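Chemist: A single structure is presented below for examination.
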Amino acid sequence: MNALFLNNLLQFWKLFVWNICRSPIAEAVFRKMATDNGAVDKWRIDSAATSTYEIGNPPDHRGQACMKRHGVSMRHIARQVTKDDFMTFDHILCMDESNLRDLNKKASSVKNSKAKIELLGSYDPEKQLIIQDPYYGSDKDFETVYEQCVRCCKAFLEQHS
């Protein structure tokens, strides 16, 4: 499960299964947009995974290459979601319906959960609700994820700034 965690300090958090493809891209895109808008100090931005597969690993090299082509820096090491995340972050944005189901289930077991859990794609002006995992795809698939994240993060920031 993957998600972007946002806190309106504001806090923003993205969550993904492995936390090495989609969520680090979304995290980096959101951080750059918030920085460019002079609002990065108003947000706590992070991402995490529900699985333990890639904990401690950097983002997928294809995602890093995509970000580099767009001049977006990535500084991320995969970590696993914790119960504290549901009490700390205001917004948890995930990539697909499986993530959404898993997150809502986890949140229901957290007594003081305050996070609003949504699909990042719900902010896409092109109505692409699901952000597909590019892991088994090509460089083009990472580019598609980047483009979706740009659209969604821009719309989210406009709505919540």
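The backbone N, Cα and C atoms fix where each Cβ goes, and this holds for glycine too.
Values in this document were obtained by computation on a predicted structure and should not be read as measured data.
Sequence annotations record features per position, and here TrEMBL assigns signal peptide to 1-28. Here TrEMBL flags 15-159 as domain 'Phosphotyrosine protein phosphatase I'. Under the heading active site, TrEMBL lists R22. The annotation active site, proton donor is assigned in TrEMBL to D133.
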Chemist: Which whole-number mean pLDDT does the model give the domain 'Phosphotyrosine protein phosphatase I' (15-159)?
Modeler: 93
Chemist: Give the residue counts of the domain 'Phosphotyrosine protein phosphatase I' (15-159) per reduced DSSP state, in the order helix, strand, coil.
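Modeler: Across the domain 'Phosphotyrosine protein phosphatase I' (15-159), the residues distribute as 70 helix, 18 strand, 57 coil.
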Chemist: Hey, which of the active-site residues R22, D133 is the loneliest by Cβ count within 10 Å?
Modeler: D133
